[in-house]
Amino acid sequence: MTICFFILPGNDSARFQRRKRWNKDDIENAQELLRGFLRLSADIPLTPKRRSNFASGHINYKIIDRTEYAINKRILSDVFETDLVLTTPQMRDIISDFQRNKLGKTRRNKRKVIVGDTFRWPHQTVPYFLKETDREWRRTILAGMSKWERETCIRFKERTTEKDYVYIFRGAGCYSSVGRIGGKQYTSIGYGCESGGIVAHELGHALGFWHEQSRP
């Protein structure tokens, strides 16, 4: 059965402001917020008998492929939940949610898919650009896209003149932005990440999906 989940209407979150341009300063600012969050939350009690392990050497996340965690070990301080590159508003939203939860004012906001049509891809179509020329690498990326196209209404198309698109390259690990953030946004499928499952996982983030453990 084909699932057409991105045609559902949604209201834009007031806490998220779409970036027309996602530049180096934005990335560095979000990463600095992330590092501060990891430091500050390291000693916050989750329960009277259990403390946060956010800043410990090991982050206990259930991920789709343990190979991905091993590959991303060098960049864990720059990504959220092992492979998410967040915008500054997204990171601030997570910090605010954590602070409210710490004070006992509300339950943790469980995330499944990003809210608001602004962050979804128009007409369920995702323009993309493949940087690398390696044939096997490109074949793997296309296989990951096919997984989504077989099971959903999402379609991927090579970018022509679209301003918003996913730039897929071979970086230092496997990571992606969450949802359509505006302009050229990056998805890395680095050495060791070349499997259809990992590619589909990272593309899922670009479509707007958070990790499974963030679901209600």
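The backbone N, Cα and C atoms fix where each Cβ goes, and this holds for glycine too.
Per TrEMBL, active site is recorded for GLU202. Under the heading Zn(2+) binding site, TrEMBL lists HIS201, HIS205, HIS211. For 112-216, the entry in TrEMBL reads domain 'Peptidase M12A'.
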* Structure fact -> Cα-Cα, the residue listed as 'active site' versus HIS211 (Zn(2+) binding site), nearest Å, comes out at 10
* To do: Could you tell me which three-state DSSP class HIS211 (Zn(2+) binding site) falls into?
  => coil
* To do: Pick the one among the recorded positions GLU202, HIS205 whose Cβ has the fewest other Cβ atoms within 10 Å in this structure.
  => HIS205
* **For the domain 'Peptidase M12A' (112-216), the number of residues DSSP places in helix, strand and coil** => 38 helix, 27 strand, 40 coil
